[in-house]
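Worksheet: the structure to be examined is printed underneath.
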Amino acid sequence: MAQPKIGYLIPLNEKLEEDPSVPQIPVFWGLNFIGRNGVSVQEKRLSRKHLALTASPNGSANLVVEGTNPVVINSGNIRKKLYSRENGSISSGDVIELIPGHYFFKYVTLSGSDDGRKAGEGDALGRKRLRQASEANVSETNSKILEVEKKGRVEASSLVSGNAGSSLSKRDSNEEAIRHFRVSNDKLPLTFRLLSVQGLPQWANTSCVSIKDVIQGDILFAVLSNYMVDIDWLLAACPLLAKIPQVLVVHGEGDGTLDHMKRNKPASWVLHKPPLPISFGTHHSKAMLLVYPQGVRIIIHTANLIYVDWNNKSQGLWMQDFPWKERNKPSKGCAFENDLIDYLSALKWPEFSVNLPTLGSFTINSSFFKKFDYRDAEVRLIASVPGYHTGVNLKKWGHMKLRDVLQECTFDPEFQKSPLVYQFSSLGSLDEKWMAELASSMSSGLLEDKTPLGPGEPLIIWPTVEDVRCSLEGYAAGNAIPSPLKNVEKAFLKKYWAKWKASHTGRCRAMPHIKTFARYNGQKLAWFLLTSANLSKAAWGALQKNNSQLMIRSYELGVLFLPFKRCSSGFSCTTTGNTAQVNCESSKNSISQKAELVTLNWQRSTNTVSSYDEVIKLPVPYELPPQPYSSEDVPWSWDRRYNKKDVYGQVWPRHVQLYSNQDS
C-alpha cells in the first residue's frame, strides 16, 4: 500500500532560487532515502542512499546521514553540518545541502493543500492508512534507534521525539574545531601541526603545513631521515634542497629505488642506510635536522618523502629551533640532547667534513649535534633502535624508554586508571601477552602522593573497509595501511577496535598515516606521543629472558608531550631579529611550569579555577573518546579482495603508483 505524500524537496540553485531544470523529490510519510539516483546526477560524493529522511504526518522530519560525506541543514540563521551516522531534525522551509555548498533542496510540506488533506482523510486512507504505514515502519525505525544507540551519537528517543538537534549541541559547538587553531611562532614547539591535505575545505587546513613551510631559509647542511624517498618528487616539491651545500639522506630503501636515487641525486648528497642487525627490521624514523647560521631546526614527523604522504593523508609534524652553544661557555647537556645524540650515534653514518660559511670546517658525526643548546626543548624523544638491549640499555629504547620517562612524571588524579588510545597505520603480528606488556609501559606514571596511576584500558583506532573505500584516495589509500588479514582477524583484537572519526579536523576521508599514542580523560590528555612507530613488536620492542632483555627490530623516532612547559624563548633559525635567548638553568630539563594538555574539542569550564600556568592545545586529528566498532564494521586488511567499487569506480587489489618514476 502506497504511503501518503507529506511534501517535496524543491531543488534550488546557488542563489537559493527554485531551479525548474531539476525534478522535485516527493517526500512520503515514514522513511525516505535521498541519494544519487533521486537527484539524477552522477556525483560520486553522493551515495545512492545518501540521506535517510523520516517524515511525520505533521510535516516535521528527522534525517540520518547514511553516506560518507556530510550534509548541511540551514534553518533560519543556523547552519548545522551533520557527518556520517549523525542525525538532525528539519521543518518546512529548511534548506538541505546534500554536499556542503552543493545540491540545495528546500523542504516544503503539503499542509493546507488538497494533497495534504488527502494524506490524513478520505478515499479509504485516512487514519487507517497512517496506522498501517506506522506499523510497517516500526521495525525499521526501531533498528535505526538501536543503531544510533550503538554509535553513541544521540539518545534513542531523539529519533521519534523530533528533538535530535538538541543532543548535538555539544558536538556542534566543536564542529570544524581546527578552524580556530592558531599558534603563535613562539608557541609552536609546545604543540604539533597536521600536514595540509589537498581537496579539503580551507578551514580544515588551518595552521597546517607543507614541506616548503618547514624546509626554508639559509640552510647550510641537512639530514633527512626517512623510510621511503621519492627523490624526483622531493626535488620538484622543494627545489631549495638542491641548493643546500651538503645533504645526508638516511633511508630505508631497497636496491631498486636506491639505484635510482644514486643516479639522480645531486652530487653533494650522501646516502646512508643504517645497519639492520635483526631480520625483518626497517629504518622507519621520519625526521629532518636542518643546520643554519643561527642554529639547528629539529623536525619529527610521520610522512614518507613521497607525494601521497604529503598531500593526501592525515599526518603530523613537530618542530623546534635551537641556537648554537656559546663556544667559550660550554653548557651542560640535557635529557633531550642525550637522547638525540644516543639515537644519532646508533645510525652509524660514515663521517664526512663540511665547510659551513662563516662558521668553519666541521666533521659531521653524531657529536656534531652537541654544538647546539637543547635546554629549552619542549618535548622528550622516544626512539627505537634495533638490537638486544640489556642492562643500562634496557630502558633506553622502545616502550621501556616510554615507561621510564612516564615513571618520572606526576599526573592529576583524573588520569588514574584513565583509558589509552593507540592510533597507527600498520598492525604487526600481536598476542595478548605483548599487548599487556605494552599497556603496562603506557600506563606508567604517578599521582602526587607517589601512588601509581594504575592500568589503562586501550582502544585501537583503525580504518574500516568502508573508510578506505570512501576515502579521498579510494582503495588506493589502503596501500599505506599494510596489515594482512592474519594480523587483523585475531579474535582477541575485537575488543580493541575503534573508529577513525575526524570530523572536527575535516579528515574523516583523509586516511591516517599519522601514528599517535595517548592517555586521556575526555578532552584532556595526560600525555601524547607523536611517532613513526606503528603497533608492532618490531617497532616498540618485546621483553625477553625474564624481562631482562628488550629485542627491537626497527629504527623509530617520536616526540612525547608532557604536562610541563619549559621556559622557551621562541628562538627561530629563520626569523630575523631574534631576541637574546633566555636559558633556564634547572637541572631537571628546564621544567618550570605546569601545563594542561587538551584536544581541539576541549572547552574551558566557566565555573572552575584552573591551577595550570598554561593550556596547550594539541590538534589530535581524531575524536576522543573513540567510538568502538559496530557489528557491521570490518577492519581494513590489504590482502583481501573487495569487489564493491570505491569512489573512483575501482576494486581492490589494484596497482598503486607511489613514486614519480615507477621503475625505481
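Glycine is no exception: its Cβ is also placed from the backbone N, Cα and C atoms.
No curator has checked TrEMBL annotations; they are predicted automatically.
Values in this document were obtained by computation on a predicted structure and should not be read as measured data.
Annotation source TrEMBL lists active site, nucleophile at His284. Look at TrEMBL and you will find Lys286, Lys515 tagged as substrate binding site. What TrEMBL lists as active site, proton donor/acceptor is His513. Feature annotation from TrEMBL assigns site 'Interaction with DNA' to Ser536.
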Next item on the list: Do me a favour and check the Cα-Cα span between Lys515 (substrate binding site) and Ser536 (site 'Interaction with DNA'); whole Å is fine.
Entry: 12
Next item on the list: Please report how many Å separate the Cα atom of Lys286 (substrate binding site) from that of the residue listed as 'active site, proton donor/acceptor', as a whole number.
Entry: 12
Note to self: Can you tell me the CA-to-CA distance separating Ser536 (site 'Interaction with DNA') and the residue listed as 'active site, nucleophile', as a whole number of Å?
What the structure shows: 12
Item checked: Rounded to the nearest Å - Cα separation of the residue listed as 'active site, proton donor/acceptor' and His284 (active site, nucleophile) -> 13
